[in-house]
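Input: a single structure, listed below in structure tokens.
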């Protein structure tokens, strides 16, 4: 498969974003997949246009977006995105939407059509912390996952799409002993394992849900 993997620019006055740092270190061939890479701005207003232009000028079987989830302690494939922008902080354009629909003609939610349980289990099988997430938040990460679902629904019926959140890396949590992090090389290994699990097969039917 031809897979586009995206990461984000730093945001919230940080100098680094582990999503893009990890994406840049991915091999260009992973398993049977050819990997292209794209850096996205942390901008509600810009990401849609960039994604639209990229998909219009290239054929991709899969788009997999990667984002930072500070405070998480695992690599977490996302199951679903919701049709809301509700930003706790401004984005890099100083834009802070509150309770705004992403697409007025879109569904209330879009589920990733990637094998998210198989991807999660593949991370775990590498001895790395992995978990299936049921919330991508309401910032630009959720926005991108939702927009990809919208494009698949309205324009690219054969497109497969998904999102993975990754933790901070250690240099982001210096002096913050209670904040989890993960070495960059482990994030790269986890993303590689997750990408290797992407296939045309049905997802695994295993218990990776939560009770709360």
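Cβ from N, Cα, C; glycine included.
According to Swiss-Prot, the active site annotation covers 78 (among others), on the basis of similarity to another entry. The 10 Å shell around the Cβ of residue 78 (active site) contains 25 further Cβ atoms across the protein chains shown.
Long-range neighbours of residue 141 (active site) (same chain, six or more residues apart, CB within less than 8 Å of its CB): 8, 65, 67, 68, 69, 78, 163, 165. Taken from Swiss-Prot, the feature active site covers 141 (among others), and the record attributes it to similarity to another entry.
Taken from Swiss-Prot, the feature active site covers 165 (among others), and the record attributes it to similarity to another entry.
Under the three-state DSSP scheme, residue 141 (active site) falls in the helix class. Every protein chain shown contributes to the tally, and the Cβ of residue 165 (active site) ends up with 24 other Cβ atoms within 10 Å. The secondary structure of residue 165 (active site), as reduced to three states from DSSP, is extended strand.
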